[in-house]
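The repeat 'Solcar 1' annotation in Swiss-Prot covers 3-86. Taken from Swiss-Prot, the feature transmembrane segment applies to 9-29, 61-81, 105-125, 186-206, 218-238, 281-299, supported by sequence analysis. Annotation source Swiss-Prot lists repeat 'Solcar 2' at 99-209. Residues or ranges marked as repeat 'Solcar 3' by Swiss-Prot: 218-305.
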């Protein structure tokens, strides 16, 4: 058995595609709660989106995540699994040797660090597309100190600022440079390094607990439950840094409000209090379960299928 295996990347791609379709509507709600204004709670946000934008509002920006997050998850699962085998090969002389808790922690934290290279631009484009609503644009100007300037006078009507993912990428590159695509990457590192440790480790522990027989693969129901619980744990604990990341990435659609991570934290705390860093935690918990359950199930079943030949 070789250390590097390509099927982990292919299985991650399939798991990622299935999770995007399941999780995107609630991801839109989460982004609006964290980076937008005027929403009282999760239910009010859902109702407001439906009233103003219909069902299509929940699927804004779906095309880009469907194309890109599949690649992102392919990289995450492929890198994590191959890193596990590399660590086992180096420490125990056999890539199939079960990983210790330390091995899992190192592999998952390295995955979180590497994932930002692909994940930051993907997240930024997704969030910019999700945030395209008139109230959000107005809030951007208000917080930038231009509350008295009507949007209409700035040439901004109710239509979308970005025509699609490619137009969004080209606009960001023109206006903000390559660093614009990586705005919020620092906050994403703070989110994903511990976040992936609290993602893969609970999943492994839950799988072992639900299926104590080491000689057999966990049944689909165990994979689904373990993946869902791990996803909820990871996303809830990552909410504070996710709020900062979302605000930094949604920022500068027209004028910049935040100078960096610390400035964003201080400004958010000053204007909205400590509770702002837990905005969207309920949505993260609800969304994290089906999305991650579907992702792990798609990954594991695909991997079993590929390795059955």
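From the backbone N, Cα and C atoms, a Cβ is placed for every residue, glycine too.
Put simply, of 9-29, 61-81, 105-125, 186-206, 218-238, the stretch with the most CB pairs closer than 8 A to the transmembrane segment (281-299) is 218-238.
Residue counts for the repeat 'Solcar 3' (218-305) under DSSP (helix as H, G, I; strand as E, B; rest coil) come to 72 helix, 0 strand, 16 coil.
Sequence-distant contacts of the transmembrane segment (186-206), counting only residues of its own chain at least 6 positions beyond either end whose CB sits under 8 Å from a CB of the stretch, comprise 76, 80, 101, 104-105, 107-109, 111-113, 115-116, 119-120, 123, 222, 225-227, 229-231, 233-235, 237-238, 241-242, 244-245, 248, 260-261, 264, 292, 296.
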